[in-house]
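Noted in TrEMBL for the protein shown:
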type: TRANSMEM; residues: A:43-63; note: transmembrane segment
type: TRANSMEM; residues: A:75-91; note: transmembrane segment
type: TRANSMEM; residues: A:97-117; note: transmembrane segment
type: TRANSMEM; residues: A:138-164; note: transmembrane segment
type: TRANSMEM; residues: A:170-193; note: transmembrane segment
Amino acid sequence: MSLDLKQIVSDFKNGLWAENPIIRLVIGMCPTLAVTNTTENGLAMGLATSFVLVSSEIVISLIKKLIPANVRIPSYILIIATFVTFVDYFLKAFFPGIAASLSIFIPLIVVNCLILGRQEAFASKHSTPRAIADGIGMGLGFTWVLVLLGAIRELFGMGSIFGFTLLGEWYRPMVIMVLPAGAFITLGILVGIMNQISREGK
Amino acid sequence: MEKNSTRNLILTLAAIGIISALLLTFVYEWTTPYIQANQAKAQKQAINEVLPNVEEVEEVEKNGNVFYEGYDNNGNRIGVAFKNSGGGYNGMIEVMIGVDLNNEKIYKISVLNHQETPGLGARITEDDFKSNFVNKPFGDYTVVKKPPTEDTQVEAIAGATISSESITKVIENGLDKITEAYGGGN
């Protein structure tokens, strides 16, 4: 096992843009659409998912040779569920406010296909250092898009970002932006813009 | 030995399951005191919020429900707080209701838990909406969409009529339970 630094950097960068989970691979849509109604929720969901992603990529890349191919999916899910339960308890104990606003979407990280997808596509085939780089890259790639989505929706839907009011009394909030429909509209426009940017870059 | 033999499959999953359970046991033991403390703190805060100038709170069980009786510093009972819950728009709404039994009116309410839509139904936690119930006499309430003209009217949140009606129902229902337990007097 050789440590190729260049390879690791490119694994890390991969998730930020070229294979960004939300705007490129379009996976992990359930939390993307459901909890980005405020910036804070987006950030918390992004970080919680990143933690689970990196931890399970580490464990799975370490024990990949021990897991028989026939039970790899249930094994991955068990490992992922362990870390998710850990996050759930941790948030309830130390960040009760965030735990209350994300509620059911924390346990649902277990079935986020981004996490299972990266185990199957990456961690089970590559070395641990590369898996860590991939996990962090994908996690940050997921987080920045969630924060951006949350910020846009919160700004138009409530006139604030991170709970700080930016638009004054004169602004009449667009209620649709904090409802599920607002998530679809914002995400669609965002993916369109990103596609345009990467097309021009070529 | 064949790696994909049934025995091996069972052993692998069992081993992962046991290790996971073991780790989570430690995490559970570590976080549970904090989680319980958070819940107790939230509840205590809510009781203090809905009963004005309360000094001491006593838990009393009546008809299978727990009531929190609040006393001032002279030992007089100033009122009772009761936690009631019911279905909202997205999930359960849990409300702490503080009442003055002598005058049969609500002191204040506080929302403990809810899953209403942020920016819409979630505004049941804001003072603008909660003030609907301040000093309100017991009774059957109606949710209206314009500024209330009668004591029994509650002004709905714009765009969140279901949430407004749900929480009003939870409060009405809670008041019924309080009246039942205390017979409508001190």
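Cβ coordinates are placed from backbone N, Cα and C, and glycine is handled just like the others.
Sequence-remote contacts of a segment are chain residues at least 6 beyond its ends whose Cβ falls under 8 Å from one of its Cβ atoms, and for the transmembrane segment (A:170-193) they are 22-23, 26, 32-34, 36-38, 145, 148-149, 152-154, 156-159. Beyond its flanks by at least six residues, the transmembrane segment (A:138-164) meets 14-17, 19-23, 28, 31-32, 35-43, 45-47, 49-51, 53-54, 114, 118, 171, 173-178, 182-183, 186-187, 190 of its own chain at Cβ-Cβ distances under 8 Å. Sequence-distant contacts of the transmembrane segment (A:97-117), counting only residues of its own chain at least 6 positions beyond either end whose CB sits under 8 Å from a CB of the stretch, comprise 21, 25, 27-28, 30-31, 34-35, 38, 40-41, 44-45, 48-49, 52-53, 56, 73, 76-77, 80-81, 84-85, 87-88, 91, 138, 142.
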